[in-house]
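Participant: Swiss-Prot feature annotations, pasted as is:
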REGION    1-21  region 'Disordered'
COMPBIAS  10-20  compositional bias 'Polar residues'
SITE      E102  site 'May play a role in metal incorporation in vivo'
BINDING   H103, H105, E109, H147  Ni(2+) binding site
BINDING   H103, H105, E109, H147  Fe(2+) binding site
SITE      D108  site 'May play a role in transmitting local conformational changes'
SITE      R111  site 'Important to generate the dianion'
Amino acid sequence: MSRLSIFPDGSTSMDQSSPTPLLVTETPAEIQAELARRGIGFEQWPALQELPLAADQSWILKAYANEIDRVKRDGGYATVDAIRMTPDHPERVALRSKFLAEHTHAEDEVRFFVEGRGLFCLHLGAEVLLTLCERGDLIRVPAGTKHWFDMGGQPAFCAVRWFNNAVGWVATFTGNTISERFPTLD
């Protein structure tokens, strides 16, 4: 089940070791409203069908073609792809480490979870929003938003990704170690 946990970022607190959430909700309408108030897009799409183990990128993109085209058109995104992470992925440790560092992008980060789950952590002013996205969830993080992503130590997800550039995922790391003070997906 999708979940939103809102924490103070701890920058004004003497005790930064174990933040206490200001809000925790698993109600989709409340998640959407809280994120929208902060400029973050969140939608839930019906999960069309189970993803076969052998499903490749073209199969995934075809299964969600109408929804993908709508997001691509509405957001002006140039390209779309699908990424699948498994517990035995050879680069899982390096990728998790990279994604866990706070960063920004020059473009929106838009993800739709076809299967599995991931934790988007958004550092917005004096708040940190931990957004657990699961199968059927779409999140749109605007360009320039400080955030990090946790796919877990044993990642198991497939996500559709939209981009404004042909290069794909390009991050600017902030150097802030804030992500170390907040819960992870595991």
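Placed from the backbone N, Cα and C atoms, the Cβ positions cover glycine too.
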Participant: From the recorded sites E102, D108, R111, pick the residue whose C-alpha lies nearest to the C-alpha of H147 (Ni(2+) binding site).
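Facilitator: With Cα distances computed to H147 (Ni(2+) binding site), the winner among E102, D108, R111 is E102.
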Participant: Can you tell me the three-state DSSP label for H105 (Ni(2+) binding site)?
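Facilitator: Coil, per DSSP.
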Participant: Does anything in the same chain, at least 6 positions from E102 (site 'May play a role in metal incorporation in vivo'), have a Cβ under 8 Å from its Cβ, and if so what?
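Facilitator: The list for E102 (site 'May play a role in metal incorporation in vivo') reads H123, K146, H147, W148, F173, T174, G175, N176, T177, I178, S179, given in order along the sequence.
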Participant: Give me the CA-CA distance between H103 (Ni(2+) binding site) and R111 (site 'Important to generate the dianion'), in Å, as a whole number.
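Facilitator: One finds 16 Å between the Cα atoms of these residues.
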Participant: Can you grab the distance from H105 (Ni(2+) binding site) over to R111 (site 'Important to generate the dianion')? Cα atoms, rounded to a whole Å.
Facilitator: 14
Participant: D108, E109: which of these recorded positions has the highest Cβ count within 10 Å of its own Cβ?
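Facilitator: Per the Cβ count within 10 Å, the most buried is E109.
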Participant: So if I measure Cβ to Cβ from R111 (site 'Important to generate the dianion') and keep only same-chain residues at least 6 apart in sequence, which ones fall under 8 Å?
Facilitator: G118, F120, C133, L138, I139, A159, V160, R161
Participant: Just going by other Cβ atoms within 10 Å, which of the binding-site residues H103, H105, H147 has the emptiest spot?
Facilitator: H105
Participant: Can you list, in sequence order, the residues of the same chain other than H103, H105, E109, H147 whose CB lies within 8 Å of the CB centroid of the Ni(2+) site?
Facilitator: T104, V141, T145, K146, W148, F149, A171
